[in-house]
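Worksheet: one structure, shown below.
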Amino acid sequence: MATLFIADLHLQTEEPAIVAGFLRFLAVEARQADALYILGDLFEAWIGDDDPNPLHREMAVAIKSLVDSGVPCFFIHGNRDFLIGKRFARESGMILLPQEKVLDLYGRNVLIMHGDTLCTDDAGYQAFRAKVHNPWVQRLFLTLPLFIRRRIAARMRAGSKAANSSKSLDIMDVNAQTVVAEMEKHRVQWLVHGHTHRPAVHELSVNDQPAFRVVLGAWHHEGSMVKVTPDNVELIAFPL
């Protein structure tokens with residue numbers, strides 16, 4: 001019995017080794033799981049379910065194969081792929097979740113999220129996030145021709161890269177008070193998230209009790225997953 005969590009794969013055709021590693025993960029490790037949760041940024045960018053990118057179709061087929069084998073797959077949007085919609089969910093068999101979700105995992109309550117909402121010290125990013133998550137802005141963007149959406153997405157990624165290069169690492173990490181507030185709000189002692197690309201298990205105190213924040217790593221030179229069993233919560237790095 002095990003439930004698996006992954007995040008921040010940033011899949012793109014320019015990184016075939018990561019794509020191949022994910023396909024192997026779906027065919028091997030994930031097949032033994034009770035469920036797979038993808039906590040955002042599965043793709044490097046997403047400009048709409050109508051994008052005919054062959055990679056998207058390949059991933060949908062692979063995830064659907066996992067689901068059809070009896071392993072449900074759940075997805076929380078990330079900051080790169082927040083426009084993944086019902087069409088791709090239907091094609092892949094993934095179940096879309098809200099940005100925060102509490103799971104009962106073998107008697108252990110665990111809060112899961114992508115993690116960008118915890119980075120409240122980065123005021124510039126949070127303001128940008130509020131704009132692009134406006135439903136009207138998203139509807140307008142999705143009405144644009146694909147070639148215009150691609151240009152906008154490329155400019156946004158370039159702007160984000162430039163902005164992040166001038167920010168301190170502390171600003172781009174989670175805010176400790178925000179973490180505690182979220183865990184207290186949801187009444188949990190466990191939190192699993194991605195986004196920061198800083199894999200670690202952090203010990204803290206929530207409601208005057210020991211608590212744990214488990215951060216998934218990004219998939220670059222190796223894969224990263226959290227494995228939850230009835231007896232343990234493990235952060236695991238593995239070769240791609």
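The backbone N, Cα and C atoms fix where each Cβ goes, glycine too.
According to Swiss-Prot, the Mn(2+) 1 binding site annotation covers Asp8, His10, Asp41, His197, on the basis of sequence analysis. Cβ neighbours of Asp41 (Mn(2+) 1 binding site) (same chain, under 8 Å, six or more residues apart in sequence): Ala7, Asp8, Leu9, His10, Gly78, Asn79, Arg80, Asp81, His114, Gly194, His195, Ala218. DSSP gives Asp41 (Mn(2+) 1 binding site) a coil state; it is part of no helix or strand.
According to Swiss-Prot, the Mn(2+) 2 binding site annotation covers Asp41, Asn79, His114, His195.
Residues annotated as substrate binding site in Swiss-Prot, with sequence analysis given as evidence: Asn79, Arg80, Asp122, Ser160, Asn164, Lys167, His195.
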Within 10 angstroms of the C-beta of Ser160 (substrate binding site), the count of other C-beta atoms across all shown chains comes to 14
Spatial neighbours, same chain, of His197 (Mn(2+) 1 binding site) - Cβ under 8 Å, 6+ residues apart:
Asp8, Gly217, Ala218
A correct count of other C-beta atoms within 10 Å of the C-beta of Asp122 (substrate binding site) gives 21
Note: among binding-site residues His10, Arg80, His114, least Cβ-dense neighbourhood at 10 Å is His10
